[in-house]
Amino acid sequence: MSRTPRVARSLSALRRELDSLRARKATVALVPTMGALHDGHISLVRQAKRRADKVVVSIFVNPTQFAPTEDFGSYPRTWKEDVAKLAAERVDLIWHPDAKAMYPDGFTTRIVPEGPALAGLEDRFRPHFFGGVATVVAKLFAQCRPDVAIFGEKDYQQLRVVTQMARDLDLGVRVVGSRTVRERDGLAMSSRNVYLSADERRVAPTLHRALKELASRLRAGGDMQDALRDGNATITQAGFDLDYLEVRHAETLAPVTQDESGPKRILVAARIGTTRLIDNIAV
């Protein structure tokens, strides 16, 4: 039987709720989200429940990670549906601040990540993005004081940046990645998939198919540049405008060459119509 989770909208209310949990010696997992929850988010919640006694889900559409030309105003907001889904999963607490609670008057501090994880992927096309993400995630960690935080691998560069930040700043939070959840045709689940027209939705799984083919060729020892060239052609011929298709070191996201050892990850970002999609796959 589902029960409606408790909801905190102010920092003082959040601290009262968390103090109550901590008084019972409970471990806490945080699942940061921007709402518009889908099965990918629910998989994060379920992993959180396996890793901690209590689960906090934050729902906050963070304005500082959107550029003026991006979709902050139109980003899907489905509060009632989100609460119902989290109730069905028996989430303990929802942290749902507004922008003034997160960024009160006089707020001026910003975390700007650097390093090989910021080397020409999302940061090249969305230079504002990771400063906004790092700042809001650092705040969420400070506010919620979780033992563990669960992030999806679909946003793989974000996962690596947050992992590095938590380590570098001694935040005391174990960051755990959770595998990408896909539609039956391979499209990575995303809140922005609702923007796709019917025709675009039929084409969208091309991204995942191209990644699988590229990964297969690399595992078989195929030439990396030839495989990337063919993947690029597959994606653009399907009607996408390609931002990047890259093979990177899976942990540092530094560029790699054909003969380098170590784990590798293929990452892609492309636009179809007005919708920008990202995806990635392990080699």
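Positions of Cβ are set from backbone N, Cα and C atoms, glycine also.
Note that the structure is predicted; figures quoted are calculated from it, not measured.
According to Swiss-Prot, the active site, proton donor annotation covers His41, on the basis of sequence analysis. Look at His41 (active site, proton donor): DSSP puts it in a helix. Less than 8 angstroms from the CB of His41 (active site, proton donor) sit Val31, Thr33, Lys85, Gly152, each of them six or more residues away in the same chain.
The annotation ATP binding site is assigned in Swiss-Prot to 34-41, 152-155, Val181, 189-192.
In the three-state DSSP scheme, Gln65 ((R)-pantoate binding site) is classed as helix. Gln65 ((R)-pantoate binding site): 21 other CB atoms within 10 A of its CB, across all protein chains. Taken from Swiss-Prot, the feature (R)-pantoate binding site covers Gln65, Gln158.
Per Swiss-Prot, beta-alanine binding site is recorded for Gln65.
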**Report entry** In the chain carrying Gly40 (ATP binding site), residues 6 or more apart in sequence that have Cβ under 8 angstroms from it
**Finding:** Gly152, Lys154, Thr180, Val181, Ala188, Met189, Ser190
Query raised in the report: Looking only at Met34, Leu37, Val181, which of these binding-site residues has the biggest number of Cβ atoms within 10 Å around its Cβ?
Result: Leu37
